[in-house]
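Residues or ranges marked as domain 'Major facilitator superfamily (MFS) profile' by TrEMBL: 1-357. Under the heading transmembrane segment, TrEMBL lists 12-36, 43-61, 73-91, 103-124, 130-148, 179-202, 208-230, 267-285, 306-325, 331-350.
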Amino acid sequence: MALKERAHLEPLLVNGAYGIYAAGLFPCLLAGGILADRFGGRPIVIAGTIVSALGNLGLAFSHSAAALLSGRFVVGLGVGLVVSAGTAWAARLRGAQGATLAGIFLTSGFALGPIFSGIFAYAQSRIWELYAVKFALSLLAIVVSLVIGDTPHHAVTQGPDGPAPAPAAAPAQRSSTKALATALPVAVWVFASITTAVVGLAARVAHYFPTGVFMPGIAAVLGFGTALVLQALGRRFDWGPRAGVIGALCSATVLAIAGFAGTNPTLAAFVAATIALGAAYGLCLRDGLLDVDTYAPLHARGRVLGIYYVGTYIGFALPPLLQWLEPLAGPTVPLLVLAALALTSAVVRFTQIKTGYLSRA
């Protein structure tokens, strides 16, 4: 929003920056997980942070269309390495608690981005200053990664001392296929939900204010704030897999309502929808991470996490897709189709639980 207003960029280009960010993420989410299985998480996290820092440094110097798209792509490459390898690192250190804590930190990062972007824009700061701050924070993250301990990485083998220890609640049989079959139905509604609020719905209510630069930040506070509360509560009270069903149902309900509301929702509808979409994001992210931690083989946890995160980040392609479809199908039909798909995911997960295929007891 800040770039659109301050650098006079077309809305489709700004939304496209979200999509190309995801395009950079996808290969490195997979690569980061695979490399974490082979070399451990910390070195991959440090490498990804360096790549992301370089992308932000480039964006600080130029805001042209080519620079925006290429810079966001490079940032996506670095973040992809950090997300999958970092979650694998946290899960190896602390099991399920580490995996869910990684999700909480991921949510916190996404929450702070739009908020600080809005503050910088409102303060009439130069755009390069925002990217300079991101570059400095990347350097700080590298220092923290060097300080935090890392467990020795070794392959999981069936030697005389038995297999490597697994989390206490782990099932007797681990399978990458089962991990993905349970996690992916909720994965697709993680960022599909929150980007609908922060990008799509925020743009539809921006006309209520003299400047719209704060709207993504407001959406981030409402959506990610709700997600953080629910993730923390779920971690504290050990919510079961039905929370993922509720998350998918939240997404389905709000997408349907947003579709019928058209291009001019009320502020009250925006607030309620953003809170519900934040709930969908938080519940689906947490449950998917727990499914992976429960069922993924320990020697392949990183690559399974990478595939899971690819499923979540598909949602980043939603804003440019909806922008492209609106002149062809209107603002209602695409959202109703997405609502039907989210409802299908909820039914699939509910069926997995009822049949005993999915159980974390």
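Including glycine, each Cβ sits where the backbone N, Cα and C put it.
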Interface-richest range of 43-61, 73-91, 179-202, 306-325 toward the transmembrane segment (331-350), CB pairs under 8 Å:
179-202
Seg_contact(the transmembrane segment (306-325), the transmembrane segment (12-36)) with at least 3 CB pairs under 8 angstroms, min sep 6:
yes
What is the average pLDDT across the domain 'Major facilitator superfamily (MFS) profile' (1-357)?
86
